[in-house]
Amino acid sequence: MSPAGLHLVTDGRLRLDRLLIVVDAAVRAGAAVVQVRGKEASARELTETVVAVSQVVDDRAAVLVNDRLDVALAARHGGARVDGVHLGQDDLDPVVARHLLGRDALIGWTAHRDAHLRALASLPEGTVDYLGVGLVRPTTSKADGPPVLGVGGFGSFALSTELPCIAIGGVRVTDVPDLAAVGAAGVAVVTAVADAPDPGAAAGGFVDALGALR
Ligand SMILES: Cc1ncc(COP(=O)(O)OP(=O)(O)O)c(N)n1
Ligand SMILES: Cc1nc(C(=O)O)sc1CCOP(=O)(O)O
Ligand SMILES: [Mg+2]
């Protein structure tokens, strides 16, 4: 399963009915990955959201769970197709996630410092499939986010790893050509799609911009 393309990261502020409309529009437009993120949700609420997202997505995109390996496993146990997880540096060990989710799962890890690359190098080969690297620009979607790298900082980081790097943090559709030119395999967005007047059109803009550069 390839991590390349547009990742829609869901906006935990949205009600479930609106969230599913945004997910459906983004996937219809060609988003490759939907990452379900709900920082305030209980494990049970987040599992219900993952199951509902998985039903809407069907086989049109990969479904990942942000942070919560337990939720990914619970949703799978309930019969939902969950393809993997996106883990941060403070989340469960990706080695444990790989062990529990299996060889075919898609596992992403957040990285934006040299120390993260050293930690990556200490993992068994094949543990992590891609890196989420940001911030590209300031964002209102993550409290206490990491420092802004800008496109140049993202590019330097991407050069120092062989794993595909997904750019995140305030990414706009007009950033895509520059990000792709410095090595982005894809981009992950919350606001640029969820807050757009027409989320499907916004997602389609990203998909077209990424596709035009392949
Ligand atoms: C694609 C992608 N990249 C990075 C992140 C950030 O993950 P994390 O550091 O765990 O921060 P939270 O999303 O948990 O606030 C991501 N979610 N997706
Ligand atoms: C969830 C998340 N993680 C980031 C990181 O850099 O680790 S930035 C981010 C939020 C991205 O949302 P938007 O597209 O609205 O800026
Ligand atoms: Mg996290």
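Cβ coordinates are placed from backbone N, Cα and C, and glycine is handled just like the others.
Taking the Cβ of Q35 (4-amino-2-methyl-5-(diphosphooxymethyl)pyrimidine binding site) as centre and 10 Å as the limit, one finds 24 other Cβ atoms among all the protein chains shown. Residues or ranges marked as 4-amino-2-methyl-5-(diphosphooxymethyl)pyrimidine binding site by TrEMBL: Q35, V36, R37, G38, K39, N66, T110, K142.
Counting only residues at least six positions away in the same chain, the Cβ atoms of R37, K39, V85, H86, L87, G88, D91 sit under 8 Å from the Cβ of D67 (Mg(2+) binding site). Residues annotated as Mg(2+) binding site in TrEMBL: D67, D91.
Annotation comment: TrEMBL describes 6-193 as domain 'Thiamine phosphate synthase/TenI'.
Its Cβ placed at the centre, V36 (4-amino-2-methyl-5-(diphosphooxymethyl)pyrimidine binding site) has 32 other Cβ atoms within 10 Å. If you take the C-beta of N66 (4-amino-2-methyl-5-(diphosphooxymethyl)pyrimidine binding site) and look for same-chain residues 6 or more apart in sequence within under 8 angstroms, you find V9, Q35, V36, R37, G38, V85, H86. When secondary structure is read from DSSP and collapsed to three states, Q35 (4-amino-2-methyl-5-(diphosphooxymethyl)pyrimidine binding site) falls in the strand class. The domain 'Thiamine phosphate synthase/TenI' (6-193) scores a mean pLDDT of 97 in the predicted structure.
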